[in-house]
Amino acid sequence: MAMSLPHQIGALSGTSLTAETGGVSCEVPAKGSSATSAMWRTPMTNLKVSVQKTGAEIDRVSPSPSPPMSPMMGGGMRPDLLACQALMEAQVDEVVEREYKVRNSSEKEKGVPVFVMMPLDSVKMDHTVNRKKAMNASLQALKSAGVEGIMMDVWWGLVERDAPGEYNWGGYAELMEMAKKHGLKVQAVMSFHQCGGNVGDSCTIPLPRWVVEEMEKDPDLAYTDQWGRRNFEYVSLGCDTLPVLKGRTPVQCYSDFMRGFRDRFENLLGDTIVEIQVGMGPAGELRYPSYPEKDGVWKFPGIGAFQCYDKYMISSLQSAAEAFGKPEWGHTGPTDAGQYNNWPEDTNFFKKEGGGWDSQYGEFFLTWYSEMLLNHGERILQSAKAIFEDKGVKISVKIAGIHWHYGTRSHAPELTAGYYNTRNRDGYLPIAQMLARHGAVFNFTCVEMRDHEQPQDALCAPEKLVRQVALATQEAQVPLAGENALPRYDDYAHEQILQASSLNINDQSGDREMCAFTYLRMNPDLFHPDNWRRFVAFVKKMKEGKDTNKCREQVEREAEHFVHITQPLVQEAAVALMH
């Protein structure tokens, strides 16, 4: 009788698989063994904090601190693990092909495909793949779990770092080929922002050197708050159409970069590369940098601050005020909107009764501020659509899930970020309609969160926010995709994602579901045995869709089967990522 895969792996290695990690022995117990590995068991202390309130206790999920930089992998791979990998690649692929057949494109697809975000530093500053062996093992493990593909940041600050118009796609070409080899699709993010300074940023990748040089010569190319603080995460949209970057406009720079990407990877477009997410602001999101975490400027759940005080934005504001017949409104933005860490009721502009946001001036300013953001998105989307037309890829745009103070009348944090959303006005429908005009996907974050997990004194309401966005995209007839805003590995968060992605919001929902979900993020914690088991089950449930005839128990049994088969490969990936 042929030996089972686990027995074959045991025979290859001559013993139970053990990986040495800094003196800690990490064993894969034999089938039926009750032994539990002592490996990389990271306490989940940053996910859920109990906050005592008067008369009640609230479960609170706060933004997690930025994870440490992924350590470099050193040394060679053990021969027994190499042998295991070879065997796994042959047999896991066979199982995956049987269990996760490519869906017939002529049929209505059911379920929500799951993508996984790659580490931010997947490509190093020397244009090579970071932790290549770990990356290879990790991609194989993701494929074995039924993951549809991966999302990777293609950093402007890496590719066009040294000189305008000179692109070095090294590292990305290799990473794309690795994804293709493992049968994974790719969502490529055109990351025109700086990495570093936002939630979860584990490394620093500045804008291209020549861009930074121009911003140092003319600091007004950077977003600026009312106190003169400059933000260098992203070039101010106030100069989108001005030739301020070595003779080119910022939008021309973004367009040339996307065109260069298309030309370099044309052979993979529509096959391996299935989506282009176009970065439009800090953290790759269409918004202003109104809540910068760097240097402790902003802390959750502060209201943030307007970013319209560079000379280019003020010039536009002056023109808008004159056209409106109120030239005196064009000299500056609101001066009574508080500071980054105020709450709405601390300010005259955002307070619920008689606040400036609800005045004629407030309506004028917020309309101008939000329309500047929409026009920025429109300009870049027009270019992206023309560049990638007929290439078989989706275009998507990421919108931030700003859920704190959502229960107030003014929705102050959304307003400072550029989303003109209040109790009396839907700020997400205009965004959805703009995306619909260009056939783009509306990608939204925070779908893993529940209202009661958040601090209720800050009137956080992520579930209500996700519902509002779902309704706006339904009305605009634009596809909706989702992401989790913070790392979560628990079933409770997975269930919330499953519920949110089903888009059961009203009688008109029908069989509509999210078109994709991207999971934050591939790291050693994901490959922890308990987290991996839950993740595999989650992926299967997402792919089954909301109208599945399978019971949840059957799906979980199938997931356990995959976990058992892929255990050695997953252990290898986790150990490699930790080095």
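Numbering starts at 1 and runs along the chain as it is shown here.
From the backbone N, Cα and C atoms, a Cβ is placed for every residue, glycine too.
The substrate binding site annotation in TrEMBL covers ASP153, HIS193, ASP201, LYS398, HIS403, THR445, ASN484, ALA485, ARG521. Taken from TrEMBL, the feature active site, proton donor covers GLU285. What TrEMBL records for GLU483 is active site, proton acceptor.
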*What's the CA-CA gap between HIS403 (substrate binding site) and GLU483 (active site, proton acceptor) in angstrom, rounded?*
14
*Counting every protein chain present, what is the number of Cβ atoms, excluding its own, within 10 Å of the Cβ of ASN484 (substrate binding site)?*
23
_Same-chain residues at least 6 apart in sequence whose Cβ lies under 8 Å from the residue listed as 'active site, proton donor'_ = GLY279, LYS398, ILE399, ALA400, THR445
*Rounded to the nearest Å - Cα separation of ASP153 (substrate binding site) and the residue listed as 'active site, proton acceptor'*: 15
*Using all protein chains in view, find how many other C-beta atoms are within 10 Å of the C-beta of ASP153 (substrate binding site).*
24
*asked:* Test of understanding: give the count of other CB atoms lying within 10 angstroms of the CB of GLU483 (active site, proton acceptor).
replied: 22
*Winner by Cβ contact number (other Cβ atoms within 10 Å) across the binding-site residues HIS403, ARG521*: HIS403
*Rounded to an integer, what is the Cα-Cα distance in Å between GLU483 (active site, proton acceptor) and ARG521 (substrate binding site)?*
10
